[in-house]
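Beneath this line is the structure, given in structure tokens, with notes to follow.
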């Protein structure tokens, strides 16, 4: 109850604070530069120069303090030793290059980057194409899209149940091992099965992200002008040709969007590895490795920050590409 | 012509079947969790969840009565009774642990010198002998009974009270709601300025917001935690609200700006001509018209905050009273890895609210996704 009061209080305070700031500051501005009287013209001009900053001020402050400053601070920390007391230059980065776990993480991250966006896009495209053509397609779409709403941790539990292992001869309660034993195979502890366990983790993210890919690509497919499709059919294109030669090239832009967005998700992937294997058995990834260095045992902020900065550097090309596209679109 | 039609219908069938398979494949994992959350521990460990809809076979044993229960009927010593409880039906029985299902119900078997045993389908047995039995303990009868599908909500009761998930649910709610509401307001004003006000630096700010969309949160954890400690917020709700507000802002500003810039120019220009100030235009025209975009973002932020583990782990304390649901779930996965009835139920409770939000507001979510992904060239 107390908790609820606090939460309600915070909402009230937050909303009130916003209202007071935006309304009050505008009021103050209008009273300093009243839009009437002898200097009305000048006043309006001056007020209009200041007002945008009242509007964007809080957002800029938040973004600056909570996102821009930490990047700079992390970079600074990455040049220092564990507790930040001594400058070590590129030492942490050199350490990373020689560290087995770091190299394993980079390698695994690359694997994730290849597999997850590719599979999600392919399945998403397949789902979009299939469900767009049938009457119960919308229900189907909803169900494929549903994992989007499930947390990575929840998905971790869901898939661990599927990968559950019982000794050979016992009743298998994990779906995968049940199928395998039914087909005459031996049950496996999938999550410790190097190197395939990486793929069993990736499947979880593919399962979650396919819905996203499907939604974007389905909209793109519908956006293809009817005439081009009709023309292709009249010219005798087979369904396969129609799909791969006419439709796919026209939605390349959307495929790129899906691919880059999922790439970002993949680079940040943390929860799935964290709760399912915690990076053991050769499944470490950068984000989880960083968490290990920052919060486990005796923290090493220098090394942790260096890994974070590596993550940041990998993301940067996509950031630039996004900005470029957004600006191009704005004209 | 006919061939074409036939081909077309077989293609339609192929589409239907493939789509169905895909949907099933995507639904089954969640279904498994859902079904498992209604089964008790014994059921979960004795059979897969997919077997829970059909009757399962259960073997057990019971003992017959002893000499004390014997009656004399027509010169025979007879012991009678039942080996099942209630109205269970026997599908097989036996007298040895090695072959507990050796005999059919109704069969009469000589189990020892002169002892005749009959067990019928309803579980009643009749043991006869020409001489006194002379046994101290009853004879064992192994039974195979069919247990009808059985589901329980006991797991939910246990998880919500004893495992502390009820408390975690409240914590999650406490984190989520302010962290969803506050960024909307801040972002709406900023988005309006970026969309409809002219000022130097506007293009740069917009580009900055797009850039910040992809910054990995991980980068900011340590600096922010130290900053919170330095200014006295420490670990707690205030810190996590601020953090989530900030982390949600890039998407909020970006989504809302894209939406607002698409509003009809004439409406806003004519309001300006009529002497409305920017503040009035924002409040009276732009804000109400932007409702769909606001709803889209609210859903995103709600799902994201509700499902988050990393930010909560770092910015909230890690004692049992402070954990959010994802945190509890993670802890349970470590400490109760094999107790699927607890895990499945907890997981389902934690994903129930997002699923409800998802299914009831899907329209806005889709709209937001379409507007929020940077459109490629």
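Positions of Cβ are set from backbone N, Cα and C atoms, glycine also.
Since the structure is predicted, the reported quantities are computational estimates derived from the model, not experimental observations.
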Feature transmembrane segment in TrEMBL, mapped to one of the ranges B:263-284, B:285-306: B:285-306
Candidate ranges B:153-174, B:175-196 [criterion: TrEMBL lists as transmembrane segment]: B:175-196
Stretch among B:175-196, B:237-256, B:285-306, B:342-361 sharing the most Cβ pairs under 8 Å with the transmembrane segment (B:12-35): B:342-361
